[in-house]
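*Asks:* Take a look at what TrEMBL says about it:
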- 6-26: transmembrane segment (TRANSMEM)
- 33-246: domain 'TLC' (DOMAIN)
- 106-126: transmembrane segment (TRANSMEM)
- 132-153: transmembrane segment (TRANSMEM)
- 173-191: transmembrane segment (TRANSMEM)
- 211-234: transmembrane segment (TRANSMEM)
Amino acid sequence: MEILEPNLVGFTLVFSIIYLFGYLIIFKDWKEKVRSDASSCIMSLAHGTPAAILSIYSMLQNSQTSFQNLDFSTQNSPFQEIILEYSIAYFLVDLLHYLIFYPSDVLFIAHHLATLYVFLTCRFVVHHGAATLIGLLFLAEITSPCQNTWSLARYRKNNIPMADKLYEKLSPVFYMFYSLVRGILGPLFVYKMGLAFASGKADGVISRPMWISWMVVIVSAIFVSILWIFNLWIDFFRERQRKKLKKCN
């Protein structure tokens with residue numbers, strides 16, 4: 001399995017530079033904990049928005065990502081593999097971020113390792129299935145600008161009044177958007193993907209153990225995303241209730 005592709009090495013260097021630029025220059029005066037998190041957000045923005053745009057372009061060129069037609073028989077195109085390499089590079093650098101600063105955050109480390117497993121095997125082992133995974137990538141990254149803006153505001157809301165206002169206004173918008181994408185559209189797409197695999201559309205190009213492992217990873221990621229946003233909604237309504245009680249008193 002040849003992983004040292006020029007594009008992959010180049011993208012990894014680019015994301016490393018973006019992270020270090022954020023850590024050493026943009027956020028150099030921030031406290032250590034939020035400094036590393038904010039640097040990860042900047043890198044996530046640099047990955048998420050371009051990845052979503054590239055995914056849209058790829059899907060427009062390829063009908064295999066539609067709900068009606070998930071076909072795994074076509075080999076990954078060079079453009080699709082570039083998109084996979086771009087995302088692999090991001091997750092590699094962000095995984096390093098968690099291993100250095102949050103080695104005990106088992107959930108996020110496991111999420112990144114599982115995502116890398118799916119992307120790496122699709123790109124370098126089976127060479128099929130990219131069209132469908134790119135559809136999932138689009139659903140995962142379309143929320144990136146909103147999510148990272150919300151995260152940056154959250155890091156500074158206790159220090160900067162404008163950040164606090166932005167966080168308060170953006171939270172319900174982000175939660176609704178994320179809930180729609182990760183709670184409804186994502187599961188629908190994954191359900192269609194599972195039906196396509198079970199019908200035998202991947203037979204001959206993706207082994208049964210491989211696509212089953214992909215589905216386990218993807219379904220688990222969807223479940224964790226739903227659990228995460230559910231907890232955020234609980235905190236949101238709890239905080240609103242606390243503020244109402246405070247006003248009454």
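The backbone N, Cα and C atoms fix where each Cβ goes, and this holds for glycine too.
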*Asks:* Return the stretch with the most CB pairs under 8 A relative to the transmembrane segment (173-191), choosing among 6-26, 132-153, 211-234.
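*Replies:* Checked against 6-26, 132-153, 211-234; highest Cβ contact count belongs to 132-153.
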*Asks:* Short question: which residues 6 or more past the ends of the transmembrane segment (211-234) have a Cβ under 8 Å from it?
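*Replies:* Same-chain contacts beyond the ends: 107, 111, 114-115, 117-118, 121-122, 129, 136, 171, 175, 178-179, 182-183, 186-187, 190, 193-194, 197, 202.
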